[in-house]
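Marked as active site, proton acceptor by Swiss-Prot on the basis of sequence analysis: Glu98. Swiss-Prot lists 26-33, 58-60, 97-100 with the feature ATP binding site. Feature annotation from Swiss-Prot assigns substrate binding site to Phe128, Val172, Glu173, Val174, Ile175, Gly176, Tyr181. Annotated Zn(2+) binding site per Swiss-Prot: Cys153, Cys156, Cys185, Cys188, in sequence order, evidence recorded as similarity to another entry. The phosphoserine feature in Swiss-Prot is assigned to Ser13.
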Amino acid sequence: MNYINLPTVLPGSPSKTRGQIQVILGPMFSGKSTELMRRVRRFQIAQNKCLVIKYAKDTRYSSSFSTHDRNTMDALPACLLRDVAQEALGAAVIGIDEGQFFPDIVEFCEVMANAGKTVIVAALDGTFQRKAFGSILNLVPLAESVVKLTAVCMECFREAAYTKRLGLEKEVEVIGGADKYHSVCRVCYFKKSSVQPAGPDNKENCPVLGQPGEASAVRKLFAPQQVLQHNSTN
């Protein structure tokens with residue numbers, strides 16, 4: 001029987017590993033970090049060299065990368081991703097937690113993916129004001145895979161797509177857990193929290209009305225009924 005000797009690298013096959021960008025988005029408490037950890041561990045089991053990068057200003061769990069339920073994984077802290085570029089080039093798989101905090105997230109991920117790395121990013125897609133968080137959404141058109149997770153509303157237990165701040169801080173970057181934030185649904189997002197002041201100064205969680213007179217018009221609808229009840233009692 002004659003055997004055919006095939007070349008080790010077939011013609012037309014890539015000469016190096018193809019890189020890719022995977023993005024995991026969602027509100028707080030939606031399991032983004034847990035999903036990032038799960039994906040990285042799959043690559044570790046397959047004997048790939050992995051590096052996880054965490055935001056250095058988040059010191060709640062020391063130097064480890066951690067989920068809210070305290071599952072941990074070794075991580076390299078950084079404030080700018082370019083500061084850990086050399087370490088990243090030595091890994092096949094790069095996981096980035098809290099990607100919304102890194103100002104150079106888009107450039108870093110594109111460079112690493114073009115260098116053949118698998119880059120997995122977990123990040124908030126929106127701020128507590130439901131606005132784009134930093135430049136993270138600019139990563140979406142560059143990514144091969146994008147997933148948006150939902151949480152459970154911590155006020156009514158329905159599906160939650162938003163993050164609601166409980167305190168009065170105005171800064172976008174305020175690190176905290178359930179003591180500072182709730183994952184909420186659309187209805188509960190607009191409900192006033194007991195720690196939030198009512199009035200015109202609290203614009204973060206206020207719905208936008210179609211016409212300026214809508215709010216007063218609603219109150220007028222109930223005026224005749226209130227007058228009738230008052231007359232009947234007299």
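Backbone N, Cα and C atoms are what each Cβ position is placed from, and that goes for glycine too.
Structural mapping of features recorded in Swiss-Prot.
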residue : record                       : contacts (Cβ under 8 Å, 6+ apart)
Gly26   : ATP binding site             : Lys32, Leu124, Asp125, Lys148, Leu149, Thr150, Ala151, Ala161
Ser30   : ATP binding site             : Leu149, Thr150, Ala151, Ala160, Ser183
Glu98   : active site, proton acceptor : Lys54, Tyr55, Asp58, Ala122, Ala123, Leu124
Cys153  : Zn(2+) binding site          : Glu159, Ala160, His182, Ser183, Val184, Cys185, Cys188
Cys156  : Zn(2+) binding site          : Cys185, Val187, Cys188
Tyr181  : substrate binding site       : Met28, Phe29, Phe128, Thr163, Lys164, Arg165, Leu166
For Lys32 (ATP binding site), the three-state DSSP class is helix
Could you say whether, by DSSP, Tyr181 (substrate binding site) belongs to a helix, a strand or a coil region? strand
Reduced DSSP assignment, Cys188 (Zn(2+) binding site): helix
Residues sitting within 8 A of the centre of the Cys153, Cys156, Cys185, Cys188 CB atoms (Zn(2+) site), not counting those, run Met154, Glu155, Phe157, Arg158, Ala160, Val184, Arg186, Val187, Tyr189
